[in-house]
């Protein structure tokens, strides 16, 4: 523990002191110097390894001697100190804080000895001002001792005592979160103002705070006497008042590899110094002068002497020397028990400057058995089983040996932290060769940052990795950018980033198309495909009477999304995959559809370029339509439509949308009245509408296209025009008007047919789906809608914020004019105004104006259904809705690129390189976003960074956390979802389920009743309330709750099953069976209902009835291990041993890793009854291997062994 001597050198310290000794005169300063020499003499004997610094102060401070172990440097410096002016303690403490933080950081405990003249130098008011200005408590563990060089009867001392006491008290209340329980500092007043009096006070201070700590280090039969330096302090466990004191015997209880041990949090570190051996040439004990392991200061560089060789513990036989060598060679650390429920680690440590000086380093861990969580409970550690299979342990084990080994990070100085961060960045710049090195260093950095509570470091390193991603050379493989982006995202992950048990893993190296399309059904895919009976139905016509989600299209509960042709493509996927739902096959189909769309977009751009006769001359040597379609193909906003399987409706609607446009272009060239191309185009538009509703907007685009291409405006000579003259100015061919009328009539027919299909009723949405649509404030509604339009444009321009769901708080309502988002809306309309002005004006060519208007129509018209203008929609923002409008956006970009390339002063190669760079950035972003869509865990957790205030996002994260058995995380997210949206009854229901599983029935009941309050017809909440009431013995209330659930949902198999369980608990077995039959009728694949029914028939000796339903159960559930196990028990009781054995083996094979002790135990009972005693004994042992405390297996095995023994 380093020490700072804070010496007052103000004018008052130079005052002479009257003394009875007339031979020598003293001042307060000389007395203080004598006291410091006494202190240094004490350290030379008892604490040679102590670091000491000397700071002189008056109104300013000066570091006279930095931290050193060469105490003579301080002695030499003392007489050379210059006098100052007035005493200013607050300035002195500021200087000490700066010195300590620079040298030792925030974790090292420090002692400060303040030697002053015993006077405040100010009155009572000034004293209070000084107290308020003190830079205390310090940000590091510290204690301050005060030695006033003053007579105990001096009135100045009495006036200064409150200030001194406040300094001591504040220093003890450190703001650093340390487990070390430091002994408080104190004020040491001399009995008399003289050199001996002050010396005695200093000696008293030394004896109380600089004592040696000696103990015995034991390992089996070996032991040795050792000194622990610096002396350890008592510690406290977090949340407990109990204090832990180091024992006088340290027991080595085992050894671990350094890589397995990792870097657990140490509350303090100490040198373990063996007791020096007394040689023939030395009669004094040397306390082994070496440096502490966490300091890199000065040291003696002198040559060794004979006395060194005799007293150096590394040169004589000693247990510490043996232990040090063994630990160093084997790369291991010893686990040491320090006391009751307190452990530490001992490792080899060598002094940097003098390698022959070797000793042991004791790291004292936090009290408690969980000080190193990745090792498990320390009191449960035992000998390693050499026959066991080696498994990877925390931290990451590398197959190579790197410089630095498995050591942790030591950031006592800023340059050490900077070096570790720079090492990470060096590896980042050498990807992919240094991928393993990068993640090894990142994990080491993470563990150190988490241990020190330095979470901000992780965010900064993540930002640095993202910057490295942007400056990668063009020759770098795509894997480099993906790995850097993955590492940056992992450092910001809200749950795993600060989990010390978690290890960052490199991104899978298989960067192929197949790796992108692999994944699960996520988010809406579950409802639209997995749970949609129209996909697996035998009737092809069901999809024409139901909506996209399988609900009757005319039902009030329907979302009115009518997309029957999309459902048919899902059915074809299902049939072609042997009637199995494969997410990979569905995603591969989506990817193929996107590729077709990209080709059609290219053809569409070529058609427009040719039709409008756009030529840029010889200045432009690039294919602008191809560049625009290339941008369309990699735009990140399309990932949701491609990777989300429900996005197929947008892909197929776009395909037919573009086909309709291209065919209509052919129709414009046909001069016949019966234009076959026109009607094929209209049919394609109708098909597009059956893929998705916004596909019908192609008819509007075709009308605009017709007007832009064929409208001619004549110039008249008259200065003033009347109405008839204006009509004469506008000229359009009669066939053009005919085509427009046909298209408009067909559009009206299509829209009416769509209205009729949905029962002439608008869809009903909840306020959480689209809050702005339900706002009563007209200003709020209009302002929020306009901001949403702006945000959609931003997603096309800068697709940084991508989220699968934007409802429930992602975009708060704009409720007043002072909301800063109004500025963005004004900017949007300003741009629209300037755009209209440019199109109307005569500055640009006619062809440029026409193509700009056509690009605008491609953007706006397909987006109209999502604007909430016609009727409210059930979403705020949906990225897949932008799939068709992005055609117009990419066309705008191509137009802009062409304009830039027309300028002579601009280097074309630079412009094209920038454009290709943007495309590559879009491509990388799309690739990474596709990985988010592989499974719900990645998708939902990624959304937390975009929409942390979205209650639905929190709810879905809780669901995936629960699926991963992370109950505490799931409960936190459910509670946050309820906080964000207090009426979230689904979250209340799920949270109640988790509380019920933890047997917290009172809290669970509270949440369930809240859920029912917010939605009375919520059958799941009623059923779960019935379960909770049954568990608390309120059977009648439970029965009423179950029946209420069945009232709101007639066909509810889970409720029938739980009601049957309730009847079984109340011994109403017939009613229990009836309800289980009801559950099976509602859901023939209800495993639990079948299992309970078979078990009840078995227990009530209704064997014949059980044997009758067994074939039905196997037909419905041919791969259910629970069914096979129940059947095996029935045949076993019926003494059909061969059949029972077959079913037992089938059940165990199907259970796989989920097999339990009871499964082997029951098979053992079968063999026991069958008199196959060897097999029975083997099965009982298998059961006990899984669960050593399984009582029935223990008893049966004992009885069997006794039976065999008696026979012998």
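Backbone N, Cα and C atoms are what each Cβ position is placed from, and that goes for glycine too.
The shown structure was predicted, so the numbers you read here are calculated from the model rather than taken from an experiment.
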Practice item. Identify the region 'Disordered' range according to TrEMBL, selecting from 214-246, 247-279, 280-312. Key: 280-312
**Study point:** Range annotated as transmembrane segment - as stated in TrEMBL, picked from 773-790, 791-808, 881-898
**Key:** 881-898
Exercise for review: May I ask you to indicate which of 601-618, 619-636, 673-690, 943-960 is given in TrEMBL as transmembrane segment?
Suggested key: 673-690
Revision key, fill the gap. The residue range that TrEMBL labels transmembrane segment, out of 545-564, 565-584, 645-664, 965-984, is 645-664
Review point. Under an 8 Å Cβ to Cβ limit, what residues of the same chain, 6 or more beyond the ends of the transmembrane segment (673-690), are close to it?
Key: 562-565, 652-653, 656-657, 659-661, 663-664, 666-667, 696, 698-699, 702, 738-739, 742-743, 746, 750, 754
**Study point:** Helix, strand and coil residues within the repeat 'TPR' (1157-1190) as assigned by DSSP
**Key:** 27 helix, 0 strand, 7 coil
Check your understanding: Per-residue pLDDT averaged over the domain 'Integrator complex subunit 14 beta-barrel' (210-368) comes to what?
Key -> 70
